[in-house]
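Listed features, source TrEMBL:
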- 45-68: transmembrane segment (TRANSMEM)
- Glu267: active site, proton donor (ACT_SITE)
- Asp400: active site (ACT_SITE)
- Cys464-Cys493: disulfide bond (DISULFID)
- Glu507: active site, proton donor (ACT_SITE)
- Glu535: active site (ACT_SITE)
- Thr624: Ca(2+) binding site (BINDING)
Amino acid sequence: MLPPSKRDFVSLTLSESGSYTNSKQWRRQSCWRKWKQLSRLQRSLILFTLMLLLVCGIATSPTLIGHWRDGVVGENVYDGKQPFVVNLKNEYKSILPEPPSEKKDYHRRGPPVLQNRLQTKTNVSGLLGVENQGPDLKNENKGSEEGKPIISWRGAVIEEEQASDTDTKDTEIQDETASLALAESRLEAVREAFRHAWKGYKNFAWGHDELKPVSKSYGEWFGLGLTLIDALDTMWILDLKEEFAEAREWVARELSFDKNVDVNLFESTIRILGGLLSTYHLTGDSMFLEKAKDIGYRLMPAFNTASKIPYSDVNIGKGTAHSPQWTSDSTVAEVTSIQLEFRELSRLTGDPKYKLAVMEVMKQVHKLDGKQDGLVPMFINTNNGLFTHQGIYTLGARADSYYEYLLKQWIQGGKAENELLDDYLLAVEGVKKNLLKKSTPSGLTFVGELSHGHFSPKMDHLVCFLPGTLALGAHYGLPADHMELAKQLMETCYQMYTQMETGLSPEIAHFNMHEGSIQDVDVKIADRHNLLRPETVESLFYMYRFTKDKKYQQWGWEILQNFNKYTRVPTGGYTSINNVRDPANPSTRDKMESFFLGETLKYFYLLFSNDPNLISLDKYIFNTEAHPLPIWPQAE
Ligand code: DMJ
């Protein structure tokens, strides 16, 4: 029997006929003859070398093996089963870029920039494992830093890492570009809202206290251009130069406090004194300081009481002061929320009388009987200096900013006044113990009220200053559980908007606590109005500054859009509304409060800005009307 090779040869011989084929066959025959002429040893050596080359080739070509494996899977296509999917996937991959949904999933996990930075850091240290390596490996890393070539597996890893690092950087750049564009468009939306409000004020209420945008007229409270003064620092922060310049001219030329007019001590302190002081600090324009000194001086007669607890009203032209006609009481929040402004006035003028007057109030309230676990009643008598109407405790109207100013004075003064801090910490515990409950069905944490031992699940929108204040305290080193509470209350305040048909909060919400209730928030007919108040936006601003969680910006954005939808008056200005539950007819109240420009729009702007240095919370403290005042240098 012929060997296989010979059989091939025979077959070739048999088919010998055409020229090209013949010549090929001839070459094969000649090779075969030469092969036969070799010695057995020579043939063995050649065969061995060829075998060796073949084995080495296969071993060093995993990709070939891979291709081969793919080929095997590919053959399965003919079965009409799983490989069909495999083929589709391959086709999809080769034709389309990375599916957008995968990219989205990646972003959804957290704030993109932070997350990516963290990831990069983890990858680098994790893969190189610098901290966990023995001394030898540490030296090798050092070698690579000095530019020595690395030919080990670590080189490959570094190369791979560099590639993924580039991808991450690309993604970061895209994220940052998109985030900048989004922030800029929202900031511009706030500027546009401000211009629209200003247009109404300028056209129909210039130099007066408040715009009545629907009737295209104005309302007077003190007759001091309240909206214009409240809005000064907002215009400065929003970089509305033209509007600021015309307002400055009015203050310089028209504003006079030499008027026979009764003003409320608290309201004129937080809006006028606070507004002028902060505008002075932001601009350095001494004209504003002179005006601030003038109004501050004219408000001082309010402190001429038997108890040193100030009257609520002052006639700034006559230099007389008095309580309201029906009572000799003042409101606790009012007499304890003028301190930031008067303390700052003393610092700027070098005259201690302003600070001494307001700190006397704090000293007395600190020692007073009638508190419950640090919570204060709502009224205080100007004759005897005692709390009145005891037994009612709220974080809402008439008490709210007492708590806010305890913390803020402590921060303003360089965290040295321990009584203020003690009272604040005690009050937060008092809130937790007496006023904090959960609603049904969603389990929202809310702050109710206590009336002679009876709990009422009623929460004013005013209470929504609290998440921001708690977060500010946590930022300044107070217990971390304050921040946790802030987050829960922030969610509740947002729900007070989002559960309403207009997406705008009512003035007062009642929370359900009974089994089987189908919604958390109920609103009484008399409480359905919205006055364009700032507290929720204010807290969103603090929460975003401290957490960088974009959801707070998103919540604020929804609220701004709803203000635009339901309260914007086409001819200029925004109006308070009567019914947040009736989107078809929210019913206008024809009033734009000065705090809409002083606070609400300012906090929107700061919320949408990603620049933590735009009124840094390490340098400024906002008064309760959103006017930033400097935190004092430690020595003062
Ligand atoms: C503002 O005048 C101040 O924020 C005050 O502390 C509470 N009321 C209004 C805004 O709602």
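Cβ atoms here come from the backbone N, Cα and C positions, even for glycine.
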**OP:** Based on Cα distances to Cys464 (disulfide bond), point out the closest of the recorded positions Glu507, Glu535, Thr624.
**Re:** Glu535
**OP:** Taking Cα atoms as reference points, rank the recorded positions Asp400, Cys493, Glu507, Thr624 by distance from Glu267 (active site, proton donor) and give the first.
**Re:** Thr624
Original post:
Roughly how many Å separate the Cα of Asp400 (active site) from that of Glu535 (active site), to the nearest whole number?
Top reply: 11
**OP:** Give me the Cα-Cα distance between Thr624 (Ca(2+) binding site) and Glu535 (active site), rounded to a whole Å.
**Re:** 10
**OP:** Under 6 Å from ligand 1 by C-beta, which of these recorded positions make it: Glu267, Cys464, Cys493, Glu507, Thr624? Sequence order, please.
**Re:** Thr624
Original post:
Per residue, counting other C-beta atoms within 10 angstroms of the C-beta, which of the active-site residues Glu267, Glu507, Glu535 reaches the highest number?
Top reply: Glu535
Subject >> Reduced DSSP assignment, Glu267 (active site, proton donor) >> reply: helix
Original post:
Hey, how far is Cys493 (disulfide bond) from Glu535 (active site), Cα to Cα, in Å?
Top reply: 9
Original post:
If H, G and I count as helix, E and B as strand, and all else as coil, what does DSSP give for Glu507 (active site, proton donor)?
Top reply: coil
Subject >> Secondary structure of Asp400 (active site) (DSSP, helix/strand/coil) >> reply: helix
**OP:** Determine, from DSSP, whether Thr624 (Ca(2+) binding site) sits in helix, strand or coil.
**Re:** coil
Original post:
How many Å separate the Cα atoms of Glu507 (active site, proton donor) and Glu535 (active site)?
Top reply: 11
**OP:** Could you tally the C-beta atoms, other than its own, that fall within 10 angstroms of the C-beta of Thr624 (Ca(2+) binding site)?
**Re:** 27
